[in-house]
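Here is the structure we will look at, set down as structure tokens.
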Amino acid sequence: MPRSLGNCQLNYSKERMWEPGYLKAKCAELRLESEFRLYRIRLWKSYLLTFFMLHIFVTSVHCALLLATIERRSIIYFDVALSIGCALVLILVLSVNFCDEFIAKHTWYMYASSIFASLTLVFADLTESIYHTYAHSWILGTFYDTYIIYMIYMFLPIHFISGAVLLALLVSGLYILYFVIFIAQGFAQFASALFSVGGMSVDIVHYLCLNLVGIFYRVMNDTVVRSSFLDRHQYIKEKIWLRNARLQEKQLLDSILPPQISLPLQKDIQGRIVMAKQGIHSWTAMERTMAIQIHPDVSILYADVVNYTHLTTTLTVEMLVKVLHDLYGRFDLAAYRYKVQRIKFLGDCYYCVAGLSDPDPDHANNCVILGLSMINHIMEVRDIHGLDINMRIGVHSGNLFAGVIGEAKLQFDIWGLDVTIANVLESTGVPGCVHISGATLNNLDVNRFDIEDGPEEARDHPLLKKYRIRSYIIRQDLHMDDEDSDEFLGDLHSISLCNMGAQPRISDSANQSLRALFHEELREEFRKMPVSAFSPKRLLGICRFNTGKEVPAHQNLNICLTFTDPILERAYLKQTDYMYKYSIILSASVGCSLVYIELMDTQMICSSCFVLPASVATIQCILALIAWYKKYCWTRYGRNNVPHHYNGFSCFIFRIHDKILNSLPIRICIYLFLMISSFFVMCLIVMSCQREEFEMAYIEERLFHYEQEAHICFHPWVTTNMLSLMICLTFTFAHIPIMVKTAVAILETLAYLLLIFFQFDFVFHHSVTTNPYFKSEYAHALLICITFLIMFVKERQIEFTNKVNFNWRVDLRKEENAASLTNHSIIIILNNILPSHIVDVYLNSLAKHELYFENYRMVSVMFAMLINFEMDLRSLRVLNEIIAEFDTLLLFYKEYYTVEKIKIVGCTYMAACGLDLNFAGSTSTNRKESIPPTEFNEEQSRRILFQQSNEDLDEVVFVMTSYALDMMRTLAKSNEAYQSIAGDRNITDGTIAIGISSGEVMAGIVGASQPHYDIWGNPVNMASRMESTGLPGHIHVTEETSEILQQFGITCSYRGMTFVKGRGKIPTYLVGIDENLNFIPQKATRFPSHQERSTVISLQSTYTHAENNNSIASTSRHTLQSL
């Protein structure tokens, strides 16, 4: 994390992620070393294949030049044969590394073959020179010294860098030893010439620089490869997580909605998230849609638990949830067997539809058989638990509307006249029997069932009489004998969820199996990772990025290794260069070496000969200081979290460093300056030569046989080696466009070739050659061209790895965004299924099929029903708008005491206040075990704090009643809007009946196939009765609720003794509301704990806040006014 250090920050976290030590430790931490080792073996095999092609090309060109340019070919047949033979031996020895099984068992062979190949080429090169020294008195220079060192560091399969360094130093030492023995002719002359002008120290510095360049390439290559590997690992993890998350999201949606409804909803949620992030809040972008479909020819089953009220008031919360979970779980499993889709259950009511998702000609039979099966199940549950319960079931066939309305706590539901008829058949039915209509009977196999006429209560029901519906009673299925029934019940019991709470969590073996599958998929993806920039498919325009599939052309790399998508290419070039410090330290090291060589090799005495090299060396040291100062500060202070105050100079250095890393133009300018200044340093050496004077001195030497002065002109092989280092340096800078580096290297090569063949052809021609009678200028040119070719090939490999790595990072960011979007949508969906306080519980506990229940001492429950609302398609559109407005009000009841929407039943809106885990008297033991000890203790402390004052919990009644009044205001405003629309003014009269009751409530999640959160208890039953017995335009409350409201200063008028089913006659009250829809006040003895709760939010203020927040409420008002 960034640490505040005085006036600036030392943020080294991103730079540290590109350090070799960090990447290696990260691989070890993720236990990826074995996979990385296998991937690196594949990489080295691709490097070897590249080296084979390169070495064959170099050997062929070298031998062809020898045979084409030398007239006395007999003398060079030995050289040609030795070169070809050595190439064959190298390829033969190194080819064994392509045998995967052998290398897997004998990894030591990779290093051993590298040593053998290197020393073979060294001895062949030295043998050729020594042979001609003794056989033909030719003093020859070596040809493969630079080439072998490059080969060791860049192409040979040496996994550990220390091994490559030791081998390269050995090769360098052998060549220096050859120079001492055969060129300097003994250690005495070597010592005397070591620090002489143009002496041996120049060659030693040259070899040291070659090794530095090789080490740099190894470090940079290992860093890039490890970074790519880790990025790929993260990408695969994100892809697997996203795949699982999408599967989870689909399962969640399918558990509440059929696919034809869930898919548009899923896309709509994700689209809204994206638009919100983009700041799009237009009317068209956020219009409400109504996800409702028409389904003809279906059968509707309504089932009601007889004596349910007694059940909820006598059982403990744990026992109640367990019984309901067992019962409804059995129903869900039976419905699944008979292809009937459960819609929802409402306390004691369970209803479902056959033929909804897929047309089913046998829908009536399936519904009736399911009804009889449900009766059998409840009989078994009654016997198991010793309960006095039974089942009353009604079935009707016809048409219906199905879908989702509202915008909070989304639930799939059904509407229509035939749905109402099915409900009436259930309420007028006989316990233990299936009550069906004539429409259902017409679709039944009548010979299968025992059918009787319907009860008298049904014949006298006004709705059934109005539509002339005749009903029938079915008591049993004649085709299902007791043995088959018992067998089916046993099967259901074996998979029933009644004991889900006792089931163990996922076993360790299952976890290990999942981990094994994950690692196997990782290994398979790693095996697909590309390893080479040279691919026939790439030449055809097909590029693969380890996906196993061809990617679109706009993401491909062309033959120049640039993205064909210019936007992607620009993004790649604008990356921060975290490898800059390594490039600049290498440049400084090589630059200082070039300055040293220039000072040792030049004979001119002039101010520019010293000022320019000194200036170049100074600037390079300053750039190196800027590049490494941040690393130094982090090593000294940041790593150990040592507090330190940085002065202005340090902050200035930090800012310059960050500016360089983040600016491509600045880095290119620095790069070009270093290349040009280094080339000028070499030019000083070359320009110190007086060509005419050298030619005359050389002629006089040949005529008069005296030794020429050593420093009359530059040493050609010294300058050639300098340019070779410069070409290496040209390609060392990371995150400089490869086209720029290639262009600079080509210009350097061409400029030097002009010097060789034109400007100083005489000097180069009379320098030491590498083969007898082989023109020296050809030897110089060949070495420069080989160096350029090696560096260009290696740079393409590094650039390819960088481009693939970048493409993966881009894909990773896309996957992370997609994963974040999916995760966000999952949370939204969960919060629209379950109350927010148990979403985490569902993810942690219910996903493992564990029971969950809660017990609350004080909860206020509200039922609100729209009066005289016809359930046709036009009315459903209006109902959707009204319910959405009610849902919007919930946004203003999220503080302290939260109002939770429970469900919608037809035109009835059910909500509760006080369902907060902090107020829960008890929860399931599984929940407590799932909470960490610290969090659990804090949670218990909060509960005790709230439980110490029972009066504080009574405030939920005031909040719930305030929300109910806001609903009445919202409906009044909506009704005004509908009155201005000709087609909608007669849909509803805008009246609502509301009932509220408060007290102890039990809550939990039940069901086998769908997570359903519900509440039970006397307040739930009483609130429903208050609504059904209430008056339109009033809030009907119980005596206990009215007493609490009066304490908060709200008048409640006594209505009288009201008959309530299951309770008889009880006193009830109407909340005092004036004509302006405000509470009628009275003297208050208590006040809301949060003052903002004392001011009830009106619809007008709701719209004002909603417009400011671009909420959905303002959209609804706009939609209503524009209809």
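The backbone N, Cα and C atoms fix where each Cβ goes, and this holds for glycine too.
Swiss-Prot names LEU346, GLY347, ASP348, LYS903, ASP1014, ILE1015, TRP1016, ASN1021, MET1022, ALA1023, SER1024, ARG1025, LYS1061 as ATP ligands; from the candidate set ARG382, ARG392, ARG874, the record adds ARG392 to that same site. Membrane topology taken from Swiss-Prot puts GLU693 and ASN868 on opposing sides. With a cut-off of 8 Å between CB atoms and residues at least 6 apart in sequence, the same chain places VAL861, MET862, PHE863, GLY995, ILE996, SER997 near ALA1023 (ATP binding site), listed in sequence order. With Cβ pairs under 8 Å as the measure, the transmembrane segment (609-629) is packed most heavily against 582-602, out of 74-94, 197-217, 582-602, 668-688.
Residues within less than 8 Å, Cβ to Cβ, of ASP348 (ATP binding site) and separated from it by at least 6 positions along the same chain comprise ASP304, VAL305, TYR308, THR309. Counted over residue pairs 6 or more apart, the CB atoms of the transmembrane segment (668-688) and the transmembrane segment (773-793) come under 8 Å in fewer than three pairs, which marks the two as apart.
For the transmembrane segment (744-764), the most Cβ-contacting stretch among 48-68, 107-127, 197-217, 582-602, 773-793 is 773-793 (pairs under 8 Å). Contact count against the transmembrane segment (74-94) (Cβ pairs under 8 Å) is highest for 107-127, out of 107-127, 138-158, 164-184, 197-217, 773-793.
Across LEU346, GLY347, ASP348, ARG392, LYS903, ASP1014, ILE1015, TRP1016, ASN1021, MET1022, ALA1023, SER1024, ARG1025, LYS1061, which the record gives as binding ATP, the greatest C-alpha separation is 23 Å. The binding-site residues examined here are LYS903, ARG1025; by Cβ neighbour count within 10 Å, the least packed of them is LYS903. Sequence-distant contacts (6 or more apart, same chain, Cβ under 8 Å) of LEU346 (ATP binding site) comprise LYS903, VAL905, ASP1014. Beyond the ends of the topological domain 'Extracellular' (128-137), by six or more residues, the same chain brings 75, 78-79, 82, 143, 178, 182, 771-772 to within a C-beta distance below 8 angstroms of the stretch.
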